[in-house]
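Copied over from TrEMBL:
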BINDING   A:H264, A:H268, A:E294  Zn(2+) binding site
ACT_SITE  A:E265  active site, proton donor/acceptor
2 protein chains.
Amino acid sequence: MNKKLDELKNRLREVEDLNNASAVLGWDQATYMPPGGAPARGRQMALLSRLAHERFIDPATGRLLDDLQAHAESLGPDDDDAGLIRKARRDYEKSIRVPPQLLAELSEHGALSYQAWTEARAANDYATMRPMLEKTLDYSRRLADCFPGYDHIADPLIDFADEGMKAVSVRALFAELRAQLVPLLRQILEQPPADDSCLYRTYPEDQQRAFGEMVIKQMGYDFNRGRQDKTHHPFMTSFSLGDVRITTRFQPDYLGDGLFSTIHEAGHAMYEQGIDMSYEATPLAHGTSAGVHESQSRLWENVVGRSRVFWNYYYAQLQSVFPDQLGDVELDTFYRAINKVQPSLIRTDADQMTYDLHVMIRFDLELALLEGTLALDDLPEAWRARYQSDLGIASEDDRDGVLQDVHWFAGVIGGAFQGYTMGNIMSALFYRQALTAHPEIPAQIGRGEFGTLHGWLRENIYRPGAKYTANELVERVTGGPLTIEPYLAYLRGKFLD
Amino acid sequence: MNKKLDELKNRLREVEDLNNASAVLGWDQATYMPPGGAPARGRQMALLSRLAHERFIDPATGRLLDDLQAHAESLGPDDDDAGLIRKARRDYEKSIRVPPQLLAELSEHGALSYQAWTEARAANDYATMRPMLEKTLDYSRRLADCFPGYDHIADPLIDFADEGMKAVSVRALFAELRAQLVPLLRQILEQPPADDSCLYRTYPEDQQRAFGEMVIKQMGYDFNRGRQDKTHHPFMTSFSLGDVRITTRFQPDYLGDGLFSTIHEAGHAMYEQGIDMSYEATPLAHGTSAGVHESQSRLWENVVGRSRVFWNYYYAQLQSVFPDQLGDVELDTFYRAINKVQPSLIRTDADQMTYDLHVMIRFDLELALLEGTLALDDLPEAWRARYQSDLGIASEDDRDGVLQDVHWFAGVIGGAFQGYTMGNIMSALFYRQALTAHPEIPAQIGRGEFGTLHGWLRENIYRPGAKYTANELVERVTGGPLTIEPYLAYLRGKFLD
């Protein structure tokens, strides 16, 4: 068995390393590549992805997994090798079910659709995207149909990002959340709005950067095993457990973007840096789901980084970095500014309180599209109606409406949005659990100390990597199923404060 | 035939793209990778190199080449496809002759030897390296013996770097050159030495960098298809014809390193940027030999960048960038400083006049080692004797003697040095040819205009890439064989001036 297991690990290591190499090429493309490098780079990344895929779906992988199945079961659910075999088998079963031809068509259509969208969005032109979306919807259904036996057609698509989650349960959870959030938002908006003008002053990039990097270093992001660079859109990427990088961007006349982007991506990165080093170059060496990943970015960005205790400690330091900009601004004013609640049209600009309403609109609409209960002709209007009912505002044009997010226009409808709100829900759930174990955590944050929180997260969330699914992890950590109660309590406590 | 040719090109494109992807990983390793990334990076690069090699030596490649042989011959020697098939066949024949087992052993021994050398050099410890070199010599001979029928055992090793060159002719050329250079050096050293103290002032890195980048941009290095970053050891690397990067380093208290490194690497890079774009991702999309490559770095660095006409134009600009450092330094003093001739122990620090003497010592000694006419026990003493006779100085220790260069200690003895001096010889040869076609070139350089020179080089040297061997290229460009006369005339003209 050890020989077979080594064979499997060698094979998986090559798959991981090919994907990791492709990730390096992608990072370079987004950070430093000169314009002339673009045509070859796309080709090179496609080659590496194809080779990784071919090696993974090779029947030899399947035979090794078959041979190791009984061995894995004999080891018990908590054994690392058993977890590896289990995870590899699930990935393998999924990968071999999708015909290469469909994958290739999807990828080609996705590229065309994305290209068309970049122009159509600027031109506020839903009509052009309408037939593209029709095709995307068709491909998405065909992709789902590679996994017969689903309860809901969105289930296989959700499963790609948030393994084990199903449309029916997510929908129920979100309906419950929405039913509470909409009236809570109304209640919050009855209060006088915060003055966030202090954030819109001139904040030189170098100081923004230095302050942000100082903060994430103290939080626990390890610069010996990572680095931060600038990109148009911030992201985290990993080339091995020893090299987990983040990118950010800075607005010279707005403080609220760069700093919180940096913390957000560092949250993702600390998750991957914290994975058990013995999982290096295996399918376990990743975050376990989009939702759990987002729980860590949002926990550090919002639950910690926008908390009062955090700024009790850091605000004086921020003032000393920006004395001209913030010297005359009270801590309380600054705290309210970075937590200002204001319904807006754009998801990515949304505050912590309204963000999930944006997400759930998309989730519900894509389910309706997949089910066929909503027609693409009616989508823009359905979008506006939900914005009006949930957020009290709606975009007249489609540019800031249905055309705003890339997700539906890059190849698949379904499965890409639920993780954002799952992440918020889990961020509060995990944080509460950490506080139950270590009630001293808020006081420590108030002294700029994150070791206890980071240590608890590392042991309980990070270290297992992808060994347990999100649901299994929640069950293990909290002793129960996923629940929105801690998140709602957190939001109420913070915004009705 | 077109279908077979397309198949061959597809196969070769994948090989190139795998090697290019590995090069991106290598660039990242040298520039931005955090320390924690090292273990995985070595593994990832080894995987990509292995996959490229496996794909290339696959018998399917050989069958395609066989099938296309007659077609290639029918096309005539100047046809691009014929050139591609010819070059691919030569590379293939070489690759399949070396058993993978020998390659693996060589690579492993090379890594061990390199590791030992980094410590032995610092400790001035030849004794430790002596048995390592014995093994290296044995591997080098076994590598050569994969190519039976050679005239000299070094021929196959020379051929790896400078295809088509042979020990007997290189040795004859070098003997002739040395016979002229040694007395010429004596003659030059009778003149009073130049005062180069002006180069050893404080030159802030940012200004050095900006000046160097301004210069190479004007020379013709295309920053839309490349970029410059900092590394310990400057190098050029290419990921496609649209992405040819250089690296450099700066010494804050010495002007003579960063600027000329930048121009040197830009010379290499302009060569690759100038290759016919239709050769993208084929074996033709490279410089044709180490020597021709070096001819371009040395042409731009020395023949242009250390010329009087060049500084007639640029010195005032350099003075305005560094008014405190150079305001009181005459152009003539500066010109003599950057061209100061002074025999030294270290090849990489050598001036233009003595550089080839360093190279030829190594070339002659490695031939003698391979032949068995020099024993490893006698190598340090032989080194000292040649330094004494050629340069008039010798190192008492081995650190700055036989242990100074990495080449022999990284796995192979033979073939790695001749290209440096070949490059110098060819730089003068090509430059003379360019001047024959365009006598106005020096005057243009004196106005900061490089278009005519760069255009001539692009059409005659760069565009063909690896379509012709170095000897073929020289023959095509000059109408005759490689000759040292232009180089000697150039050196005499410059240093006896």
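Placement of Cβ uses the backbone N, Cα and C atoms for every residue, glycine included.
Excluding A:H264, A:H268, A:E294, which define the Zn(2+) site, the same chain contributes A:M236, A:E265, A:G267, A:H293, A:Q296, A:S297, A:R298, A:W300, A:E301, A:G423 within 8 Å (Cβ to the Cβ centroid), listed in sequence order. Proximity to chain B (Cβ-Cβ distance under 8 Å) holds for none of the recorded positions A:H264, A:E265, A:E294.
In sequence order, A:G419, A:Y420, A:M422, A:G423, A:N424, A:M426, A:S427 are the residues near A:E294 (Zn(2+) binding site), counting only same-chain partners six or more apart with C-beta under 8 A. If you take the C-beta of A:H268 (Zn(2+) binding site) and look for same-chain residues 6 or more apart in sequence within under 8 angstroms, you find A:M236, A:I246, A:G287, A:H293, A:Q296, A:S297. The Cβ neighbour count for A:E265 (active site, proton donor/acceptor), using a 10 Å radius over every protein chain in view, is 25. Applying an 8 A CB threshold to same-chain residues 6+ apart, the list for A:H264 (Zn(2+) binding site) reads A:P234, A:S297, A:R298, A:W300, A:E301.
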